[in-house]
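Feature annotations, courtesy of TrEMBL:
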REPEAT    232-267  repeat 'PPR'
REPEAT    534-568  repeat 'PPR'
REGION    755-777  region 'Disordered'
COMPBIAS  759-769  compositional bias 'Acidic residues'
């Protein structure tokens, strides 16, 4: 009988298809039978589990309980119960009543089952019941923790209890020490690894390289990598992914990948994902395509993670259609795929999001951030409110990055009430500096400059400001008509204290603020102190000199910018074209205008076309200017026509001015500038009937001429942040009499100086000086 039962199990081992026909065997009749039977059962269960046939292994285990099972079979059965907590609990109960929980292998297997099922309470119950938990027991519990702090605390407890760490311990703990405050603990583990001689274990060394790479300690990761006596694909990928994610080591990542290929190391999807990400950082499309071809050759091109980074690469290289083609080739796009394509195709973001949900792919917080960004850029107010409601219902508004995106969105939509509501709903302990940056930027964007400055002071009390915090606040000071420059100096001093004054974002904002507030020499000081002059800095200094009428300096800085290899942007070109116009450099201006798209890839806007029209107008080539305006792609806009109208006024061209002004009045019937300019032109020509008609037209259309204002900084060092604004004939200031006396004095001094320098232009000098005095009367 014993022989026949053993023969049956041996047949089952060679014929797994017979498992379903196994029936309950009679109880064993001897210890010899039990031993032989248990051994065959273990081997058969292990074979089924290696073939991922856990259900069948559990079926065999249940059918043969009465035949007698040992601790190994119970351990295998508990391992097969992953994800089946109820069935695992039954096996746990059987082990308890059978007395097998005293066996370390059974207890460890049960703990592993509960840890993998995220039932740490029961796992801890078994762990605390062990008389002498060993290294394996501690390792199993370490694998169950999700929070980094819990892993570090438990590992310290293990060490203090005298339990020796093994390679599995180091690997498990180091994998969790890649960021945050526990990096210091990871560094301590590294010291322990060296002290105890585990630096020859490749798994431990791979974990150390991964930890340093993910913590952006790239030099340390590279040093460890070079010291490794043997490297596998995990070693190469650990350093490669570190280079790719750091952001400034794209070239090193590409070079490392080349060495990896030359050394005939095994490539996998992680290798291709990392190197293609690095190509995206470097905008190296050629090597990215080579990597794609190699991925195709090795069978990894269709891997979803490789496709995702390929989409990102093509997007960064402005090949949107190629990115879309890659997305369409993915058989089962995951949430990263959808989020990537949604970010790339912002105009279709809402439809893509709907399709993603229809295909039952669950969005994550990054998906919603990308969607909100697309909605913001497209000005889709209704869709933004809808997505806000979805995030509230689904709980994603609790993610700080999603809440920050909504703050930014409502700021751009000029809905400060909703913006502040979202901001206030974020608990103060959860707000980060990005939250404050978003609300400060929203204030500045909506002209609430005082509120922006007050928000900066609040942010500095609650968080540590970063360069972008001050960038928005300095923009508010630069744009405000009522905040004293002393507040700008205050911010500048605080920036020096924090060591942020040399940051490219901050220096550009400071430079722009001083220029707009009339302190050109301070702008130049900021620029000269910048160690690394970025495109932002060059553009800011060029714009600063342009706004102050120092056109020769504009052209000089622009030439230096080109020599330094910095590509000008549209704002820099606008300043340069304006300078060419004021200096009468028509040929140079046209040449620079043509180079925008031909050489630098910058498409001209309406403002750039306006500069060319203005150049032609200033040169008296009005017919050419009008023809140029009519040939502009998409038609001449307000800016171009206003420049042409101004040129007509200068050269007294009434007929053309009439045509242009009629077009402007149709486009913007309530804009006072066209009416006033035409009225003045008619007056100069003595056509008083036309002047009367213009004034009547303004009354009928209720067009009001905007009053010109000037401002004086009256901050006396107190808490006041205000400038005093005044207009022609203004008597609102309590010291207006003293102001008029000072204005007369300035006028007299100006008259004396102008006469001294321009003896041949006395009449013009009188007009200029009197205008200073009249302005105040």
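Yeah, the Cβs are placed from backbone N, Cα and C, and that goes for glycine too.
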Taking only the residues in the repeat 'PPR' (534-568), give me the average pLDDT of this model.
89
Quickly jot the same-chain residues contacting the repeat 'PPR' (232-267) by Cβ under 8 Å, restricted to those at least six beyond its ends, or write none.
202, 205-206, 209-210, 212-214, 216, 218, 221-222, 225, 273-275, 277-282, 284, 287, 291, 294, 298, 300
Can you tell me how the residues of the repeat 'PPR' (534-568) break down into helix, strand and coil by DSSP?
26 helix, 0 strand, 9 coil
